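One structure below.
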């Protein structure tokens, strides 16, 4: 008891001394009764110190940016500059710096108007030149690079352009033929027409085959007649439809001579060039949303609207003037697959946008953590930087490593897409589904963690992260619900497995070649060097994918043996399907990382990427319960992984600034708390924002 009492007294004495040290500082003298008396005084004010003064840079951040951005760096920097030059991009001076970001205090109507004005500004400066009319991978990569920059500024602006160019324009490119290309592509590129993309309906989103809009053919007038037969068939969430679009690509069931030929795409005019809604068309606004209010989402009803026969996008199928249905693809399933194959452009764009959103939030949160202090660990010592706390490192640095991994994955997907051939359509569909789901889930997790890591500052819209959560939330469900995409991936892998086994063939494509080799074996003891070995990491990821694929095939087959049809068997096997989809995604992402790392000859860049790659692999092992659930790792293994992640956090701490600076995002596109947050929150800054107006302060 005496020892316990002594300890309590020591704690009280220590706490009293700390409080005394804090209070007995100069600065509170005006409240003293005399100069000789002991007074309670304020501690010295916090001073801001830029992290560049203390953080070391041990690799070339410009070279790292080349790896991460991968292409068109000059074009990106050119567009960054165009945005900084115009008042349309809402420049604001805070803390001695100029920042550009949308004004989210504007009404929905004002945000939509500003989106169109910004588009007009970019049209006048040739930003969109060649986006639909130029040929070759180089032109496509330039378009993707500029879209990435636009998304860094504002997700609404990016989505609005994505609907017009990628969806409306892409549908004409891929579903149409020369007559459509000649008439529509140049007009779309220069905004002589404004397009939207009417696929989703109130009653059908992911299930495109089930949409209820019906189109028939009138051979007397050589016109198609489009009709919305019921309320659930109204086109819903159609970006651009509420205010601006003049034309749309309509997805509809095509009924010819009483026979349903399945889903087809048609061009329909919904407004004249003066903005008046066309006859037999009804349009309503979807209203205010939690984010993306710069996009005018609308609803469309077609009341037996007539369009010329030539407006059927006929690369897959056509209808003759006398009403005969023509298609070289006789099987309806194959025809539907060929019809939807080109629509992966949206998922490619979403994947990349999600990665850059994560980059923005991490750059802001990590820079803030390198200047913001909280608590001291001993008397008379300065408060610690947030990022010097192991717990804070654990919150942010694994997310940083995942963002690096997904950056390489997004680059792989882009190059796969721009160099696509018909033979690659299946691979692009599967990989884009996997990466779209993985990156958008990761982005939302990153935004939330970074918001919390910035404390109250993360709530301010000027600091971007909090608002970006609402702006990017939709990515988890549009262009395919992520959970549905996981099941689509598993179905595709099931098909590859059955085809290989039935034909007694080797696996080829989708990175499944590892299934042709003997099954990897996990070592009983996992040392630090083993855990950081890229071969071990690859082996354990492949082991999980191989085993889950075998389990999935076995479970589906068991349900079929019990009399269930294949589709219902897939539905009943959803849990393993989800695990398998994630296993495929994680393995494919790791593969792109190791390939990027392997391409380097050596030096500091390769060394730091090795640490980042190990962090990505090990945090995935730690966080995904399937490694433990199915026995790929033991509890001792998981404990070793957890310990190694903590060590990697400590090692990557000193490189944190360099790693986020390598993103190459200009200061103006980050936020005030990424820099001198004291000055940006000062009274003089308040006066500057209010145009110099002085307010009396009450004390």
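Heads up, the Cβ atoms here are built off N, Cα and C, so glycines get one too.
Here TrEMBL flags 196-304 as domain 'Acyl-CoA oxidase/dehydrogenase middle'.
Taken from TrEMBL, the feature FAD binding site covers 239. For residue 239 (FAD binding site), the same-chain residues that are 6 or more apart in sequence and have a Cβ closer than 8 Å to its Cβ are 159, 160, 163, 167, 196, 197, 295, 296, 297.
Taken from TrEMBL, the feature domain 'Acyl-CoA oxidase C-alpha1' covers 343-493.
The Cβ of residue 479 (active site, proton acceptor) has 346, 347, 350, 436 as same-chain neighbours under 8 Å, each 6 or more residues away in sequence. Residues or ranges marked as active site, proton acceptor in TrEMBL: 479.
Feature annotation from TrEMBL assigns domain 'Acyl-CoA oxidase C-terminal' to 539-670.
Along the domain 'Acyl-CoA oxidase C-terminal' (539-670), the predicted structure has mean pLDDT 97.
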